[in-house]
Amino acid sequence: MRPSMLRSIHSAVSRSRSHLARRGYATEPVPERKVAILGAAGGIGQPLSLLMKLNPLVSTLSLYDIAGTPGVAADVSHINSRSEVAGYAGEEELGKALEGADVVIIPAGVPRKPGMTRDDLFNINAGIVKSLATAIAKYCPHALVNMISNPVNSTVPIAAEVFKKAGTYDEKRLFGVTTLDVVRAKTFYAGKAKVPVADVNVPVIGGHAGVTILPLFSQATPSANLNADVIEALTKRTQDGGTEVVTAKAGKGSATLSMAYAGAIFADACLKGLNGVPDVVECSYVQSNIISELPFFASKVRIGKNGVEEILGLGSLSDFEQEGLEKLKSELKSSIEKGIKFASQ
Ligand SMILES: NC(=O)c1ccc[n+]([C@@H]2O[C@H](COP(=O)([O-])OP(=O)(O)OC[C@H]3O[C@@H](n4cnc5c(N)ncnc54)[C@H](O)[C@@H]3O)[C@@H](O)[C@H]2O)c1
Ligand SMILES: O=C(O)C[C@H](O)C(=O)O
């Protein structure tokens, strides 16, 4: 075949690929991926189910809750996208919901009301997370687990202990979802720096509660010469972002829509990592040796085919951030210990 003919076939194929891509069809083989959402009928669960239904990397979307999921599943299943949707309700259906899952997202549990801390949710949510983690160990021990249920600083160590006891623990596969802190830091920074939010990046390290949330505005891009007072106010607003929403909702729960957005970004990163997309980096609360006395810590992590591929260093911190890092250690340490103690009872 003449080279010119080969070239014209090649360009016809590319034209038809981009035509298919514009119409939303996959042009490269996309692996089958099952995503399970536990707590799918809740305030986060419903919009998160919608966003995951829109994700072309998902082939099976499994929606589980103690009640209400058949309705959510029927509703979401009519949307014109790749995945097959199934709803499962009640503990007896949990195994089916989880079997074969590649990614399990957990927004199950009670949210805060005004005046409460995330730790006030421990008594109820710790038990829920323990039982869901037990089922994950049994039905899909190799799944990447995205923990949203609060208090994340404790629920991740709880899940780790449950997996250890079951003999299935792989620290690379367990993630506390802290993406909402990054989402907030980006929005608040873009507002002050007067730059388009789509161009902004801000790492957020530590944990996911109050002072344990430590945004690193000194590393924010694009850089802006914000003065110390502005940085301090941005830091405080990011740390109190959840409380800002809880107060505004006045007893009707905590962040759901922005959390669904954040959860969908993080789950998409996990799917891309599993599919071998290079350089997938997100902040997440994982088993870490970055701060030696804290076994779990949020920082930038590279996600790959086996989960956490690399925990990236903290980079250089400003004096203000270094102080924040020292301040957060004791609270984070006691939240981790509380989770471990609960799970080992
Ligand atoms: N990580 C974060 O950044 C972040 C952000 C927002 C909210 N949260 C947390 O997410 C959790 C859920 O918040 P929400 O607003 O969706 O609450 P919600 O009450 O609206 O929904 C929770 C859902 O969990 C379900 N559920 C309860 N027990 C369950 C079990 N054993 N198995 C499966 N499902 C169960 C409930 O039926 C309900 O549908 C809360 O703990 C909240 O604090 C975390
Ligand atoms: O603030 C909460 O209780 C929910 C969540 O952790 C958040 O950051 O919005």
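Each Cβ is built from the backbone N, Cα and C atoms, and glycine gets one as well.
Pulled from TrEMBL, these are the features on record:
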type     : residues                                                             : note
ACT_SITE : H208                                                                 : active site, proton acceptor
BINDING  : G39, A40, A41, G42, G43, I44, G45, D65, N125, I148, S149, N150, M259 : NAD(+) binding site
BINDING  : R112, R118, N150, R184                                               : substrate binding site
DOMAIN   : 34-176                                                               : domain 'Lactate/malate dehydrogenase N-terminal'
DOMAIN   : 178-342                                                              : domain 'Lactate/malate dehydrogenase C-terminal'
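Structural mapping of features recorded in TrEMBL.
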{"residue": "G39", "record": "NAD(+) binding site", "CB count, 10 Å": "24"}
{"residue": "A41", "record": "NAD(+) binding site", "CB count, 10 Å": "22"}
{"residue": "G45", "record": "NAD(+) binding site", "CB count, 10 Å": "27"}
{"residue": "R112", "record": "substrate binding site", "CB count, 10 Å": "23"}
{"residue": "R118", "record": "substrate binding site", "CB count, 10 Å": "26"}
{"residue": "N125", "record": "NAD(+) binding site", "CB count, 10 Å": "23"}
{"residue": "S149", "record": "NAD(+) binding site", "CB count, 10 Å": "29"}
{"residue": "R184", "record": "substrate binding site", "CB count, 10 Å": "26"}
{"residue": "H208", "record": "active site, proton acceptor", "CB count, 10 Å": "28"}
{"residue": "M259", "record": "NAD(+) binding site", "CB count, 10 Å": "23"}
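The residues near the substrate site, meaning same-chain residues not in R112, R118, N150, R184 whose C-beta sits within 8 angstroms of the mean position of the site's C-beta atoms, are P111, P151, H208, A209, G242, T243, V246, S254, A255, in sequence order. Note: the Cα of R184 (substrate binding site) and the Cα of H208 (active site, proton acceptor) are spaced 12 Å from each other. Neighbour density for N150 (substrate binding site): within 10 A of its CB lie 26 other CB atoms from the protein chains shown. Around the Cβ of G43 (NAD(+) binding site), 19 further Cβ atoms fall within 10 Å across all displayed protein chains.
Comparing N150 (substrate binding site) with M259 (NAD(+) binding site), their Cα atoms are 12 Å apart once rounded. For ligand 2, the neighbouring binding-site residues among G39, G45, R112, S149, N150 are R112, N150, by Cβ distance under 6 Å. Taking H, G and I as helix, E and B as strand and the rest as coil, DSSP gives the domain 'Lactate/malate dehydrogenase N-terminal' (34-176) the counts 66 helix, 28 strand, 49 coil.
When secondary structure is read from DSSP and collapsed to three states, the residue listed as 'active site, proton acceptor' falls in the coil class. In sequence order, the binding-site residues near R118 (substrate binding site) (Cα within 10 Å of its Cα) amount to none of G39, G43, M259.
Between the CA atoms of G39 (NAD(+) binding site) and R112 (substrate binding site) there is a gap of 16 Å. R112 (substrate binding site) sits 16 Å from G45 (NAD(+) binding site), taking the Cα positions as reference.
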